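Quick look at what TrEMBL annotates:
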{"type": "TRANSMEM", "residues": "101-120", "note": "transmembrane segment"}
{"type": "TRANSMEM", "residues": "140-167", "note": "transmembrane segment"}
{"type": "TRANSMEM", "residues": "188-215", "note": "transmembrane segment"}
{"type": "TRANSMEM", "residues": "330-351", "note": "transmembrane segment"}
{"type": "TRANSMEM", "residues": "406-427", "note": "transmembrane segment"}
{"type": "TRANSMEM", "residues": "454-478", "note": "transmembrane segment"}
{"type": "TRANSMEM", "residues": "484-505", "note": "transmembrane segment"}
{"type": "TRANSMEM", "residues": "549-571", "note": "transmembrane segment"}
{"type": "TRANSMEM", "residues": "577-595", "note": "transmembrane segment"}
{"type": "TRANSMEM", "residues": "654-680", "note": "transmembrane segment"}
{"type": "TRANSMEM", "residues": "692-711", "note": "transmembrane segment"}
{"type": "TRANSMEM", "residues": "775-799", "note": "transmembrane segment"}
């Protein structure tokens, strides 16, 4: 029982949350308007003295490079507009095709949710005894089935819309970034970053707003039954994460098939530059950056946000917040996200308005400052929310008992997740940026060929997991010790509280990558390509940072979801010597490898077809290498589209059907083993993992989960960082910015070809299998939570027969 009430009244919460969401959306629109001022039409002729170009913009004089070098600016702008249109049409066409299949899945799975949850009480419309609040009655299981289905659809649609809008702004901004690069690297940086901010703020604000509206609308029916209300809300997280899986896998297969095909034939065999318009796969490659790295990442981080919010709300609903119907403390997770939007808004201004980029070497420091400033501002915001939005003391549900917690302890839980995210971001940057020795060492290893490059890259990836795992382990231990599973859930929210800034930084990378490709295809000056390459190299690092945030938050989110699942399924301990649990462990440990094998082979198969097609065109189309004939871009786009749509279904089915099959046939204990095993298999040294389980065999499931989640993300982090390092090692050689880099180049040299091979190996690791693994982990956990009532009631058919 809470000893005091929160300072912020219910009315204040009902105002703060939607207003913050609206402010976020309005800020996104403002950034879009500013980006749209860069016109994809030729500028009017300059006065003879050139004074029309001297407005003192960021980074350099606004004299156009075309004017200095005597190029035809009109033709350059027209070409940029044509290329942008082709990329946008290709990305839109693919997403619409993908969404047709995903929409069919969404409808089928929505029906399954309704049928399974409705059958818990034989579709009865009578009230039922509450699961946690003994002696009280709650709404019927049929209501939970209906509202969970609605929440699932809401989450799925929000996830798809978030990814689609992100893709549209990225394809809208890529050519504009290219054109701004003619005036200076600072102008191009601001355009790319503002475009990323549109996606970041739209996703963060819309996710918060839809969840807030759903809670209030569902509350009209549920009334005082907060236990049922927030159990139904978990469908929102399931919908978001299930769409993210298909977006990540489908988009990842698309982009990497095109990327590998373009690089192997274009760079290695034909010795032509990256994004050369003579390469038949170049349009498909640039389309893939948007459908994989933009739409996929957007859906992924939205899923993490939705799941962490739902996990926290479920635990809070059976704690003193829910028991005493304290609205403001109950919506503490949403208040964190609300303050996060404002903190990120302030942070963004430092990159776009308060400071300006004047040189290439200022790009990465500016992006790092975004992480530091957002974390510092958010720490103050968390303290304010914890003081105003929480009573001084309250209780949190902890596996059957109520644990007394103080508001300052919950502040520490959120703060430790926030700062752990910063640590992960900095470590990721160190291991993937070509400004530091790890990537430079990988580049140097290319002297002796691709084999040593691969060895050094793998070693870098394995080493890069050490500090992030310690950071995650510490945040898990501290947050659970202070506030049980609720503490872990809000720690995940802390890591995701700056999601708007994180997504802006992440989306900036593919936009810059596309800008460089457009510059090359439009035949623009090599000086412009140097600027866009510098933006792109920083973007590769920021993309790895974004993946680090996604993987780290997934570990915390999954642990919180796992805790909610075992609570709802009435499991207090996990005994690995029990046959029911042990068979689940070994099967679950196999699943990520099965899943990774499917996605990696899918990329390989699609890339094989792409390589054959690109070779065919180079060999059979007269004048292609001479640049007098255009390649057949459409065929390569079709190869990537067909392969990704076909190949995304089996991995998705594996993840989505496993919890259902195991829960129905073997029951909740075996399913808990599967969830644990799937997470444990993220570490390569399985003997160590099993030893850890035996040591904690008699302990509470939470302590078992500590071991699980500390080791769960290692293979995903390693894959992401290895791929990022290989990519930037290649760019380090291509840029030739240092004496050491020049000894390895130029483009087309043997070390450069070895670096390209390493990059192509890393592509599916960092953009398909690695990022998808964190979705696999958290998706199976949230699906198990949503279906927990059915599994607890009707699961374990085979064991009941034995």
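The backbone N, Cα and C atoms fix where each Cβ goes, and this holds for glycine too.
What TrEMBL says about a protein is an automatic prediction, not a curated fact.
For the transmembrane segment (406-427), the neighbouring stretch richest in Cβ pairs under 8 Å, chosen from 188-215, 454-478, 484-505, 654-680, is 484-505. Ranked by the number of CB pairs under 8 Å to the transmembrane segment (330-351), the listed stretches 101-120, 454-478, 484-505, 775-799 are led by 484-505. Residues 412-413, 416-417, 420, 423-424, 427-428, 431, 438-439, 441-442, 445, 487-488, 491, 495, 548, 552, 555-556, 559, 706, 709-711, 713-714, 717-719, 721-722, 725-726, 729, 757-758, 761-762 of the same chain, all 6+ positions outside the transmembrane segment (454-478), place their C-beta atoms under 8 angstroms from a C-beta of that stretch. Long-range neighbours of the transmembrane segment (484-505) within the same chain, counting only residues 6 or more positions beyond its ends whose Cβ lies under 8 Å from a Cβ of the stretch, are 24, 166, 193, 196-197, 199-201, 203-205, 297-298, 301, 304-305, 308-309, 311-312, 315-316, 319, 332-333, 336-337, 339-341, 343-345, 347-348, 367, 370-371, 374-375, 378, 381-382, 396-399, 403, 405, 409-410, 413-418, 420-421, 475-476, 478, 542, 545-546, 549, 552-553, 556-557, 559-560, 563-564, 567, 702.
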